[in-house]
Amino acid sequence: MFDSDHNSIFQSDLCQRLVVHSILLTFLVILLCTSLYPSSAFIVGLLSSACAALGTYEMGAMVRIKFPFSFTRYSALGSAIFIALTCLTARCKMCFPEHIDLLPWFFLFFWTIRLVFKSRHYKLGPIGSTGLALFCMLYVSVPIRLFLHILYGFVHTDTPFVGIWWAIFLIATTKSSDIFGYFFGKAFGKKRIAPVISPNKTVVGFIAGCCGSILVSLLFYSHLPKAFADQIAVPWILIALGTVLGVSGFFGDIIESTFKRDAQIKNSSDLESIGGMLDVLDSLLLSTPIVYAILLITQNRTFLG
């Protein structure tokens, strides 16, 4: 009886996840494929800012459970403006003076300085409040900033769609690790990797997640447009990158699970079939900087990091 109820709950949850994530991914791919157009770039900036604000707010809410932190909304607003400026400077970098990409960092610096004076009369004081707010903002916003630079890092070249290819590749390989790990871990996983931090993470799920990332990497290479084939890494590099993204996505999930366990919550929020924005972004928060660094190293002649 218990097994039957457990299976029905699992199947119901699985169907909800499949439907919601399929709709979200379809919309995201369409948006990214058209992200070079001004109207779509505006939507990308708007959604990226919203994701940064919501993710930062959720992180601040977890911090507030442990500490008397009073600047959750302030941090979320700072992240939103930081990412909006990033999207503007990344997409239109060629239209602005050199080093315009420093503008978001100048904003963040003065936003933090303002917080120092705002937090003088609060319990945590300037050091505690500023440190926690800065962590909440940077933990979520920096990976999103790097993602936008990947997306728009080739707009100055004859093949600006290379950035779109890398952005979709990053999401597909990382999320395939999540999907394969979830399915195979639920179906066949027995030995848990970190039972205290994340009870659902199993050895089978971890291996399946890495295999899923590698498989998607190979699929992407097999459908590589010839127009910019010389600007994409060779197959063995993509296979290695798929493995690295599978591992990094796993640990990104583990890191967020560590925060949630410390705050004694199950999900970062209560969004239906998603959990929370951090639950969606967790694996990408660690894999995005890796892809960005690899592009800086391998595509340094064409990639505007």
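Using the three backbone atoms N, Cα and C, a Cβ is placed for every residue, glycine included.
Computed from a predicted structure; not experimentally measured.
The transmembrane segment annotation in Swiss-Prot covers 27-47, 67-87, 96-116, 124-144, 150-170, 202-222, 232-252, 277-297, and the record cites sequence analysis as its basis.
Within the same chain, the transmembrane segment (27-47) packs against the transmembrane segment (150-170): three or more Cβ pairs sit under 8 Å, each pair at least 6 residues apart. When each of the listed stretches 67-87, 150-170, 202-222 is scored by C-beta pairs under 8 angstroms to the transmembrane segment (124-144), 67-87 comes out highest. With a threshold of 8 Å between CB atoms, the same-chain residues lying at least 6 positions outside the transmembrane segment (277-297) that come near it are 51, 54-55, 58-59, 139-140, 142-144, 146-147, 149-150, 153, 166, 169-171, 173-175, 177-178, 233, 241, 244-245, 248-253, 255-257, 267-269, 271, 303, 305.
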